[in-house]
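Undergrad: Following this message is one structure expressed as structure tokens.
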Amino acid sequence: MQMVPSLPPASECAGEEKRVGTRTVFVGNHPVSETEAYIAQRFCDNRIVSSKYTLWNFLPKNLFEQFRRIANFYFLIIFLVQVTVDTPTSPVTSGLPLFFVITVTAIKQGYEDCLRHRADNEVNKSTVYIIENAKRVRKESEKIKVGDVVEVQADETFPCDLILLSSCTTDGTCYVTTASLDGESNCKTHYAVRDTIALCTAESIDTLRAAIECEQPQPDLYKFVGRINIYSNSLEAVARSLGPENLLLKGATLKNTEKIYGVAVYTGMETKMALNYQGKSQKRSAVEKSINAFLIVYLFILLTKAAVCTTLKYVWQSTPYNDEPWYNQKTQKERETLKVLKMFTDFLSFMVLFNFIIPVSMYVTVEMQKFLGSFFISWDKDFYDEEINEGALVNTSDLNEELGQVDYVFTDKTGTLTENSMEFIECCIDGHKYKGVTQEVDGLSQTDGTLTYFDKVDKNREELFLRALCLCHTVEIKTNDAVDGATESAELTYISSSPDEIALVKGAKRYGFTFLGNRNGYMRVENQRKEIEEYELLHTLNFDAVRRRMSVIVKTQEGDILLFCKGADSAVFPRVQNHEIELTKVHVERNAMDGYRTLCVAFKEIAPDDYERINRQLIEAKMALQDREEKMEKVFDDIETNMNLIGATAVEDKLQDQAAETIEALHAAGLKVWVLTGDKMETAKSTCYACRLFQTNTELLELTTKTIEESERKEDRLHELLIEYRKKLLHEFPKSTRSFKKAWTEHQEYGLIIDGSTLSLILNSSQDSSSNNYKSIFLQICMKCTAVLCCRMAPLQKAQIVRMVKNLKGSPITLSIGDGANDVSMILESHVGIGIKGKEGRQAARNSDYSVPKFKHLKKLLLAHGHLYYVRIAHLVQYFFYKNLCFILPQFLYQFFCGFSQQPLYDAAYLTMYNICFTSLPILAYSLLEQHINIDTLTSDPRLYMKISGNAMLQLGPFLYWTFLAAFEGTVFFFGTYFLFQTASLEENGKVYGNWTFGTIVFTVLVFTVTLKLALDTRFWTWINHFVIWGSLAFYVFFSFFWGGIIWPFLKQQRMYFVFAQMLSSVSTWLAIILLIFISLFPEILLIVLKNVRRRSARRNLSCRRASDSLSARPSVRPLLLRTFSDESNVL
């Protein structure tokens, strides 16, 4: 009996990814021998827990997570200082805003977690049927244990990860959809091992005695390694290998199959679906980094203000009679307090007084803006694709503004730039090109050059080639007829994860060889004579991105064993006899230059003795539980040698609609586009010309195997080419200007082509003096090229390219877009990852930050949505710091007139409500709805994108502009009111207002000015903007009347009683408020007027030039200010 390996403690059961070793699962939880003791297994139960909190740990855990944010922790410290130290303001002023922010966030997270709890309970309490003692037993899903045999009916979801034992079909197959896991809606076929196919009843399945050895849980949906040991009465184990085709994943749905039986191998939080709950590594946008930098600057300003006021307080008190009057002598405790300690206490008090310069509510507003703003992408009807009946999807809202800051775009070719809708065009057999089909069934239409004729070229070779196309694939067949087997009259539907394979099978069908499907391990083919041929499928050597080929080993009805192989020319040519290559190579290169996807086809006969050895090696490799993939790859390499080349195929993959226009727009926007593909150079190069990545006047620089192999020493030749190309580019671009994007149109354009083997040579070059800087020189060349094509790239090489560019000086923002599993690595590596909802599965879309149906949607996503998102959030950030500096500066200036006594200028209610109620909604509405430029203009004039690149609106210049504007306005608020107070004319009875009235006037001017400033900046008015802007001002007035019109019993001092009403009873106060608001906004209004005059003048000159010039010219690009202040017409 096989013993259960040592298990981790129960606390480590869920979500552990870094486990080593294997686990043993006993089918039905029965021992394999009745005579030996059964050791109970310890695995996780089948409960799914996607929630973060429980009822008892929600409060401490949520608070801990929220106070890890620096701003929240800072305000907590301020609040504690107010509670413990005698500060000038009430703890409520900082405690209430902090409480509001914490409460809103906690409610949001608690509600989301409540929904997760509800969803978990629906899954955990669902009904399942377990086979126990040959009977169907009804249980709740959460009570499934590892080893239980589960019965699943049609259209039901698998409750855990199961190994398929049997199904209602005679061949032990079942159809599954995994739409809830990876978004793929097409049916996939899964298989049971042949020894358990017949066990299709509860009674028979209960007699099975077997043990499954498999890897520990890991999150990859497409990988599984295991074996099943089946014990007969003689206790002789029969071992069968298990792979992903035998594993039914939790969350997938059974389709077109009445029922199946499977044994649970992974349950609960160890299922692949649960392990995939964990999010991808957190990506931070450039705006977030700018916010942190601004916080540091304003924290420095805060500390400086507190230090200055503390110092000046003691300087002022050092003057005789300034410290204390004779009637207010110090107490004994105050006299005994150390002066240093008193100074430190005063310093803390000033920090509390000025702490509102740090915007605590900004984080909440930014989060709401990102979350709500992401819906505009999902709601955009232009992203809807009728073919797949889907639109765009936002997987993360944290990177919306990053879409407006992209410098480099890395794109896949197949399925991204092209349709991935393959059509068989032609083939080449033994160096002869065949195109089209004749009415004769005994020959193909052969064309060489311009001459078209029919020739009986070795009939056996033709049929061998077509049989290879019909047999060497993983295509599955679905017939609309439910009769026994496919017939000529039945309508065949081919299903495969690879559109190439479907195109080849359909191409063979055009020439008279029809693939009829796989039944009980036999592949059935109808030949040109309408005869049914059967081939026993012995082994499938699956395709992978490293090998770039796939093979099958079949046995004919005559008993011959054949290996058919198809793959890229670079993967097949080295494995066939050299004298067979040249004729076929000519056609392959010609087809590649025409933009077709090419595959080479080869075969070899395997002697029975050789097959016995091969079969033994394959079984041993498939049975391995450790390093199975590496062992199988080694066996595949040994098998796929000394083959005979038959021919090659050419498949057309049409360019996607508007792909060329999209790339042109990206180039015009200043973005550098790189194509990273696994295709051969000629095919990719042709596609790049077709999609206008390369222009006719683009000079191409090649770093490929072909150019490197001109020399005996590859590294020497590589070094020569790198130096040559760098000199040429440095001569063309003598200075590395900051605006190198504009230089593209002023100099000769260059494009670079590099293949995977040359890239490996660059990255892994020997560390001698001549080659240790290959990478640096290569990057210098790349930066000077307008476009780069990387062909023959492995998935990891794509990620290496992205990582190299990310680490360039200046940290350019990278975006990767692709549609297949081989693009996932570069999508995860880049700053922004975009997945195409393509025909090669949804792995790319599932691992991306955003997913769109087509490549053409990238244009609007970046040029319109990205532009607007960046402008909105950049304005939001600058505005928050601006309005808080306006808020605090009068408080700071007031200390010079109150003996630095820490006397607040504003009432505590105003301190509390300023950021929460009076000024928060207008900027939130602006940051969601603002369109400073029309969307059609943004997409039609890509050059506008360059105006905001490089995080332009959050650089030092705009930051200083907003800071000085706030300083100017804050000074006007305070000193304007102060000088108006010099006369007694503000009140009719000649009395002068008190300090609370003074502060209320300043605060009123402040609220109206910062709100009207936002109104001046708004270019796109909606009813929501009107409501929140004028509504906020009305609410402030109403609140002030309400707050000052009632004697509140919970207040010790009624400071504000009747202050606001008395203030507005004076006509002079009204005039003063209006005058100060106008003076504060006058620079803004003046700038608007000047910009409008300049705009009208520019339009008039442009009209004159157009009238005098017969050639149509594009409209000049209107410069976008580094702040969002408008030179467009204003509704206001």
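Heads up, the Cβ atoms here are built off N, Cα and C, so glycines get one too.
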Undergrad: If you check Swiss-Prot for phosphoserine, which of SER126, SER776, SER830, SER1116 comes up?
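TA: The candidate carrying the phosphoserine note in Swiss-Prot is SER1116.
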Undergrad: For GLN903 and LYS947, give whether Swiss-Prot records them on the same side of the membrane.
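TA: Membrane side for GLN903 and LYS947, as annotated in Swiss-Prot: different.
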Undergrad: Same chain, outside the topological domain 'Extracellular' (901-908) by at least 6, Cβ under 8 Å from its Cβ: which residues?
TA: 87-90, 92-93, 313, 346, 349-350, 353, 890-891, 894-895, 914, 995-996, 998-1000, 1002-1003, 1043, 1055-1056
Undergrad: What is the number of other Cβ atoms found within 10 Å of the Cβ of ARG597 (ATP binding site)?
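TA: There are 25 of them.
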Undergrad: CB neighbours of PHE543 (ATP binding site) within 10 A?
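TA: Step by step: centre on the Cβ of PHE543 (ATP binding site), count other Cβ atoms within 10 Å, giving 20.
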Undergrad: Given a Cβ distance threshold of under 8 angstroms, which distant residues of the chain, six or more beyond its ends, lie next to the transmembrane segment (87-107)?
TA: 62-63, 66, 72, 75-76, 78-79, 81, 348-349, 352-353, 355, 360-361, 363-364, 367, 901-904, 908, 911-912, 915-916
Undergrad: Do you know which of the binding-site residues THR414, ASN822 has the most other C-beta atoms within 10 angstroms of its C-beta?
TA: THR414
Undergrad: How does the topological domain 'Cytoplasmic' (930-955) divide up by DSSP, counting helix, then strand, then coil residues?
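TA: Breakdown, helix to coil: 16 helix, 0 strand, 10 coil.
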Undergrad: Hey, would you say the transmembrane segment (880-900) packs against the transmembrane segment (956-976), going by three or more CB pairs under 8 A that are 6+ residues apart?
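TA: Between the transmembrane segment (956-976) and the transmembrane segment (880-900), which are separate recorded stretches, there is contact, as judged by 3 or more close Cβ pairs.
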Undergrad: Between the transmembrane segment (956-976) and the transmembrane segment (1070-1090), are there three or more C-beta pairs closer than 8 Å, counting only pairs 6 or more apart along the chain?
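TA: Contact confirmed: at least 3 Cβ pairs fall under 8 Å.
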Undergrad: Can you see whether DSSP assigns ARG597 (ATP binding site) to helix, strand or coil?
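TA: The residue in question, ARG597 (ATP binding site), is strand (DSSP, three-state).
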Undergrad: Count the other Cβ atoms sitting within 10 Å of the Cβ of GLY678 (ATP binding site), across every protein chain shown.
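TA: By my count, 23.
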